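Going by TrEMBL, these are the annotated features:
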type     : residues : note
TRANSMEM : 35-55    : transmembrane segment
DOMAIN   : 36-426   : domain 'Major facilitator superfamily (MFS) profile'
TRANSMEM : 75-94    : transmembrane segment
TRANSMEM : 101-119  : transmembrane segment
TRANSMEM : 131-156  : transmembrane segment
TRANSMEM : 163-182  : transmembrane segment
TRANSMEM : 194-214  : transmembrane segment
TRANSMEM : 235-260  : transmembrane segment
TRANSMEM : 272-290  : transmembrane segment
TRANSMEM : 302-321  : transmembrane segment
TRANSMEM : 327-344  : transmembrane segment
TRANSMEM : 365-387  : transmembrane segment
TRANSMEM : 393-416  : transmembrane segment
Amino acid sequence: MSVLQEKVSKNDDSNTTLSITTPITPGSDIPDGGLTAWLQVVGAFFLFFNSWGIVNTFGAFQMYYEGTLSSTASAISWIGSIQGFLLLIIGVLAGPIFDMGYFRTLLAVGSFLTVFRMMMTSISTEYYQIFLAQGVCVGLGSGCLFIPSVTIVATYFSKKCSFAVGLAASGSSLGGVIYPAVFHQLQPKIGFGWATRVIAFIALATLGICLVTMKRRVTPAARRKLLDMQAWKEIPYTLFTIGEFLGFLGLYIPFLYISSYALKKTHASEELAFYFVPILNAASLFGRIIPNFLADKTGPLNMLISCSLISAILALCWIAIDDVAGLTVFGILYGFFSGTFVSLPPSTVASLSPDLKQVGTRMGMSFSFAGLGLLIGNPIAGTIINLDTGDFVKAQIFCGVVVGAAAVVMTFARIAKVGPSLIAMA
């Protein structure tokens, strides 16, 4: 029978460490397949569905709030930004907690907060209430679910790691299609409150699947700090983390403002403008599976650099689009290539980590910096967008430049890891 013992001790440099004792079980090698491993992918799929999937839905809520609240577009965008920020920054704590063996605790807390926050949102009428319920509470719950969703898959797969994580991450895309459609179709018929409660009930049912199917692999005893400061001495990891910050600074600007852009610049109807968010998310579903499948052959960092560069170019091309057909093509292409920013970093961090027992901690540290970018990027865009005149150019340039800068910094991370060779796997 497994026994978990915890104790807090002091090491030689007086830093607090946690000593975790678990039995070493036979067959501790990474299985890279099998029923149990693929069930983790199914469970992680629904964790993504209810973490990033709901965060990706905020573009639909943004459009609704702009018409019902007296707040500015920039102020409303802070709700979506705080969601994504907390989702990622909570990883600083969730990663070590996962490494310590409290996976099911994270799952239970995250599931409760996910359902609770949507119920609270359904009865909110003021900006501050929505900010607390849909912004803060959503972020906390999603943060508890996100790190386990990527970390547990990485411990079950090696050669197929990127593909497995990509399949799991596609849940965020499906959630980003289904949840906005549910809200858009039900809100005019049954009202904001009940439309939001239906989303909460869907989350409750799908998170139940996670609680039934997911199981953490037992790891050997270890002594570790809450933060792995050694990681910052590794140039590839540090540069990659800076690249993540820059990428998330601009990544979600199209997701948040494409519907408003469609209304102002292409003169699309409100019905049609709404569907650009699901188009982006539907395209990103394939963008989280196909590139990840290829990444197992080329290396996750190589694939992420390529997709980041293409996303930056597409963001700048967005400036010239003034019709529905062009915006639809942009939405499909940008959704596909930008999807890798969520699906490939987990396997990239795993490939940059010499010890998989520390991968949860390292992912949490890296994603926390990505969260800072997400926190400030969308409000910056909201400040430099003029909805009255339909001027989005400054935000589009900002998006293209920072995502392009992310590709450049990640290229330096690749060089630091494998050298300048164009054919080296990284």
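Every residue gets a Cβ built from N, Cα and C, even glycine.
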Annotated stretches the transmembrane segment (131-156) and the transmembrane segment (235-260) touching (3 or more Cβ pairs under 8 Å): no
For the transmembrane segment (194-214), distant same-chain residues with Cβ under 8 A (at least six beyond the ends): 39-40, 42-44, 46-47, 49-50, 54, 103-104, 107-108, 111, 114-115, 118-119, 121-122, 148, 152, 178-179, 182-183, 186-187
For the transmembrane segment (75-94), sequence-distant contacts whose Cβ falls under 8 Å of one of its Cβ atoms, 6 or more beyond its ends: 51-52, 54-55, 58-59, 61-62, 65-66, 69, 106, 127, 130-131, 134-136, 138-140, 142-144, 146-148, 226-227, 248, 252, 256, 360, 363-365, 367-368, 370-372, 374-379, 381-382
Intrachain neighbours beyond the transmembrane segment (393-416), with Cβ under 8 angstroms and 6 or more residues off its ends: 235-240, 242-247, 249-251, 253-254, 257, 301-302, 304-305, 308-309, 311-313, 315-316, 318-319, 377, 380-381, 384-385, 426
Long-range Cβ neighbours of the transmembrane segment (35-55) (under 8 Å; 6 or more residues past either end): 80, 83-84, 87, 107, 110-111, 114, 118, 138, 141-143, 145-146, 148-150, 152-153, 156-157, 164-165, 167-176, 178-179, 199, 203, 206-207, 209-210, 213-215, 342
The transmembrane segment (365-387) touching the transmembrane segment (272-290) per 3+ Cβ pairs under 8 Å rule: no
Local confidence of the prediction over the domain 'Major facilitator superfamily (MFS) profile' (36-426), expressed as mean pLDDT: 87
Stretch among 235-260, 302-321, 327-344, 365-387 sharing the most Cβ pairs under 8 Å with the transmembrane segment (163-182): 327-344
Stretch among 235-260, 302-321, 327-344 sharing the most Cβ pairs under 8 Å with the transmembrane segment (365-387): 235-260
